[in-house]
Amino acid sequence: MYRTLAFASLSLYGAARAQQVGTSTAENHPKLTWQTCTGTGGTNCSNKSGSVVLDSNWRWAHNVGGYTNCYTGNSWSTQYCPDGDSCTKNCAIDGADYSGTYGITTSNNALSLKFVTKGSFSSNIGSRTYLMETDTKYQMFNLINKEFTFDVDVSKLPCGLNGALYFVEMAADGGIGKGNNKAGAKYGTGYCDSQCPHDIKFINGKANVEGWNPSDADPNGGAGKIGACCPEMDIWEANSISTAYTPHPCRGVGLQECSDAASCGDGSNRYDGQCDKDGCDFNSYRMGVKDFYGPGATLDTTKKMTVITQFLGSGSSLSEIKRFYVQNGKVYKNSQSAVAGVTGNSITESFCTAQKKAFGDTSSFAALGGLNEMGASLARGHVLIMSLWGDHAVNMLWLDSTYPTDADPSKPGAARGTCPTTSGKPEDVEKNSPDATVVFSNIKFGPIGSTFAQPA
């Protein structure tokens, strides 16, 4: 996946991350019920009362005690942010109007994320949310020898969008107390992922002002010198055309800063960095089964479906990541690979080795420890993220089209979906599909076989 400068937000005040706490708007997390399960068959599940919080990147950042922007469009205030330390002390982030400004709503066990939300004075694009355990702490998950299940409706997600559900090794408290971070998880701080994103405006309690370059493609985004790297488990990256699940191991524990092209894996240094940016992905279309997922396919994306992901292993060891689906009461095993030289319908070390060879891809997955390193990270605990985003880097073509765009679509691994190579430009999607929405619901978590009736 290529989550580079992908998250855009435009509000009346100009979105930004800051580490002090403002007082203009109260922060009230939307409630979300989910379940933990025991036994087998999905019949013994108990409700858990949780909530979601909006990532701090989308929030209004202003001077402490005032109403002047610390970040406007895609540039920092020279008055309040002449350097990283000053900016962090001078600027505060505020509470969020979840539905009115950001298009985020919950109802019992369902979370709905709307792509474009237009208010009286503002427009917001996309969102990223985290599941909370308490008002000040993210819910942590250890996925080893467990399964994670949810329902999803992608029927309103066209080419170029990604309704994503994934896990990253963030701090449970959002890094509160690091540097000048006084906001913490309550305000959605501490993000990192395997793309070592440079668009994170505050990292470890310090503003990412040094070397900040406003994006030419994204009117709200930019890139600072520092990247925020950490292991990532993509359970679900999808629209109505294509879907993939992908482990991304990294070196180190939790959020690791990178500050040069090599360690960040930027540009031509993609395979030199501390994280596996490509990951080992399972996309049924890319694996040669073109009628398994999509509108009217075996898994019909015009209708809601249940997604089950199992993490086979013990302790900190991970041996296999399996996938099942349920739709219209029928259980479907994941599609088998139809690529010559690659067998299986799950992610294992042997599958990843064979797939990289068949596709001619560089395997930073193996170089960075593969499933062993991914398992160690998962055992340390991950935060659940649910988001909706458009891709300012490569228009989501890596997920739903032919990529690279100049590749022969008949070459193994090049075709990932049926979207045209000209599709997915964020400005086009924002204009043509402003009502695009993803709904995640009915989250269940427990031992293998506890969340659904698993076939023999």
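Quick reminder: no glycine exception, Cβ is built from N, Cα and C everywhere.
Here the structure is a predicted model, which means the values were calculated and not measured.
Listed in Swiss-Prot for this protein:
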type     : residues : note
ACT_SITE : E232     : active site, nucleophile
ACT_SITE : E237     : active site, proton donor
CARBOHYD : N44      : N-linked glycosylation site
CARBOHYD : N47      : N-linked glycosylation site
REGION   : 407-434  : region 'Disordered'
SIGNAL   : 1-18     : signal peptide
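Taken residue by residue, the region 'Disordered' (407-434) breaks down under DSSP into 7 helix, 1 strand, 20 coil. Non-local contacts of N44 (N-linked glycosylation site) by the CB criterion (under 8 A, 6+ apart in sequence, same chain) comprise C37, T38, S450. For the recorded site, the residue listed as 'active site, proton donor', the DSSP three-state label reads strand. Cα to Cα, N47 (N-linked glycosylation site) and E232 (active site, nucleophile) are separated by 26 Å.
Taking Cβ-Cβ distances under 8 Å and a sequence separation of 6 or more, the neighbours of the residue listed as 'active site, nucleophile' in its chain are Y166, F167, V168, E169, D193, S194, P247, H248, C250, C275, G279. Neighbour density at the Cβ, taken as the number of other Cβ atoms within 10 Å, is lowest among the recorded positions N47, E237 for N47. Look at the residue listed as 'active site, nucleophile': DSSP puts it in a strand. DSSP assigns N44 (N-linked glycosylation site) to coil, not to a helix or a strand.
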